[in-house]
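Worksheet: one structure, shown below.
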Amino acid sequence: MADRFLEIANARVGGAVVKRAGLPTPPRLKRYEPGQPLVEAPVLLGAAPGGRMRPPVEDLLRGLDVDVRSRAMSGAEKPFAAIVFDASGIASTDELRELYDFFHPVARTLASNGRVLVLGTPPEDCADDVPRATAQRAIEGFTRSLGKEVKPGATVQLVYVREGAEAHAESTLRFFLSSKSAYVSGQVVRVGAPARGDAEGPDDSEHPLAGRVALVTGASRGIGAAIAATLARDGAHVIALDVPAQGAALSETANGVGGEALQLDVTAADAPAAIVDHVRERHGGVDVVVHNAGITRDKTVAGMDESQWDAVLAVNLTAPVRVSEALLAESALRPRGRIVGVSSIGGIAGNRGQTNYGASKAGVIGLVQSMAPRIAELPGTINAVAPAFIETGMTAAMPLLTREAGRRMNQTYQAGAPVDVAETIAWLAAPGTGGVNGEVVRVCGQSIIGA
Amino acid sequence: MASQSNGSSSRRAAVLGGNRIPFARSGGAYAQAGNQDMLTATLDGLVSRFSLQDEELGEVVAGAVLKHARDFNLTRESVLGSRLASTTPTFDIQQACDTGIEATILVANKVKLGQIESGIAGGVDTTSDAPIEVNDDLRRVLMDANAAKSTADRVKLLGRLRPSQVVPEFPRNQEPRTGLSMGGHTAVMARDWEITREDQDELAAASHRNLAAAYERGFFDDLVTPYLGLTRDQNLRADSSVEKLAKLKPAFGGDNGETATMTAGNSTPLTDGAAVVLLSSEEWAAEHGLPVRAYLTHSETAAVDYIHGTDHLLMAPAYAVPRMLERAGLGLGDFDFYEIHEAFAAQVLATLKAWEDPDWCREHLGLDGALGSIDRSKLNVTGSSLAVGHPFAATGGRIVATLAKLLDERGSGRGLISVCAAGGQGVVAILEK
């Protein structure tokens, strides 16, 4: 379903009308293309006293030949591609003033499609130091609000880096600085030290998944097909899985990415065993598993058939739990394995008519959080993405007004694309992202709903 | 346990799997699809199942029974349109309903001989896009016109045109030397062998029952790729029963009057579809991380004289099987699965009856007594052509891929394949694991 409003608002005549009517103009989001540099303008880097993150960030950027500045440029110069502030040293509520002092003079110098990254220390890691923990927690409110002030198309994130994990944030920093995170904003992500054996970075940043085998469920179309394409672009051999009835489209997906099609109903009793057997026989194991398969059967709980409840829970939640458990129990997920669940804003904020879907998608968060310590022993990680409104066949079937409300109620005034979800998953699936475990990252353009 | 093959070669031909599209009833879901469309889609389904994109295989061998003249290079054109490397060589074959099984044997033999490491065998047929030809008289005139040297000669030829020449030639399901349709031939066979209507209907009902159960348990999940909206075989009647089949009127053998037994229910319908099988050497399979499902170990072809002799048109497999068993040192009972193509229920039942008949086996096979009988619970356990349908050249590939999976599921064992064909021929083979 094409977004007509976005096209009209970005045309010359249409744009003027949209402006006169007082409607917000949805920006054209810059998205990643292979070969694109991380940033295409200078980056402003600042730090509060006592921080730990400025040196690793500076090393990363200078290593990529990025023009790193420590103070604002004169008005004639180009705006900043990104503004990065190391707030990890902020130790009291008074020191929160560092945020104001740094951002006040430069906030307007951020480019459209620019990136703001604030780096903090996880409040829960501040032990009994109440002022420090309080101040670090306060940063979250600052970044989420700043996300609503920056130009549409720009994003703001808070990355809490644990003590000792300073050198392991590269993959996360790169993702949030790049246009791969075009539709991710207002997020809070924790980076820890990777589990033993899960530390070495990607050898090839263009193909971080080279030599890895990735299983993607629900891969025949929509978000699943985009995930398959993105993981393949990053070098993975993709096993595209979907129900047999979707086999024709699934075959096209697999042939399009040089992968293989696996027709299988993930809710079948023997599905976990069949998946384990398949990845073992064909590849000796699997490195990345993306539980993307999902369905909706919307009805208020009072009007819902039990079959509608059962079907949604079986596909969206029980299957990911059973398959993940089997892969771990049978050691079919190789060390440095990555499992990525697909939750939903509906599982965070809830939606009328989606008690079944909301329960299943909140359950995915439960799976991620409960399995994270266990998978770390492999070593490996499990995380989830939580998309909001993404343009797919599923949302094209929604009533017009609901669809329009869903599209506009976020800081980008537009729906996300399947590739936005796929890019976020590719970051979590990368070998270099071993420090991110048990996290839920929304892909929502900083949606108004869902906190 | 698989014994070594026909001959002295030490290499084995492995069946790695297959792909087919659901078979559609004539004029049904694939009414607008041609042979090349269907074969290309079926190859692409196989490519995606085994990740063969841009792979140069040793050879692709396939064919169609009903083929347009323009499709002379059907297999090559299909490969060029597929995701296989375009440097993969191909050739077309045609052996009526044995096309698919014969293609499989050809590829397997080249693998055994070390001439190729991998290959695809299969077939396709459509009765919805069958070639219709200009009638012979008109064709003669047109050929002469093409050869004519002057305009005057061409004008003269106009005088030879007749209204009757407008009637085109439709392909007929008819034996050229007897003028009898295949169903007509089989009706005679059913009468002579005293095959009852009840037995035929029971075989047909079992075929539908077994096919439906196999779909339900996901058996075809890695054998079939949906096509043009069809996800299961269009001919399948999951609720078929002997009682329902008993209500159908006879379709063949009208001469037999009240005793006619063959109906649309216990004969295969005209069908559209395609099926392919992936074969290779064991080394190639290992290099590609693909498990071996079964080995094609033996094969045999026989033909009968149904014109002057006493044999029925579709009796050739009854001769081919004992010859193959003799060579393999096996008995008819030494199999875990029997895949006997159900051209007509009566054909299957007459063949089994012949093998159980000491007199027939003595006279026709030169045996001391009956060849034996088979355990019917091992026959066509996931359904066969009566339920699936029978796009002529596609049936062999369907059966080979199905039997290989059955053997793989069982872990070990032996399966017998028998496919009868027009012209009084029959091809049989053994798969082992």
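Each Cβ is built from the backbone N, Cα and C atoms, and glycine gets one as well.
Annotation comment: TrEMBL describes B:14-283 as domain 'Thiolase N-terminal'.
Cβ neighbours of B:Cys97 (active site, acyl-thioester intermediate) (same chain, under 8 Å, six or more residues apart in sequence): B:Val65, B:His341, B:Ala343, B:His390, B:Phe392, B:Ala393, B:Thr395, B:Gly396, B:Val419, B:Cys420, B:Ala421, B:Ala422. Here TrEMBL flags B:Cys97 as active site, acyl-thioester intermediate.
The domain 'Thiolase C-terminal' feature in TrEMBL is assigned to B:293-433.
According to TrEMBL, the feature active site, proton acceptor maps to B:His390 (among others). Cβ-based neighbour count (10 Å, all protein chains) for B:His390 (active site, proton acceptor) stands at 25.
Per TrEMBL, active site, proton acceptor is recorded for B:Cys420 (among others). Cβ neighbours within 10 Å of B:Cys420 (active site, proton acceptor), excluding its own Cβ and spanning all shown chains: 32.
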*Tell me the residue counts in helix, strand and coil for the domain 'Thiolase C-terminal' (B:293-433), as DSSP assigns them.*
59 helix, 32 strand, 50 coil
*DSSP-derived structure type at B:Cys97 (active site, acyl-thioester intermediate), helix or strand or else coil*: strand
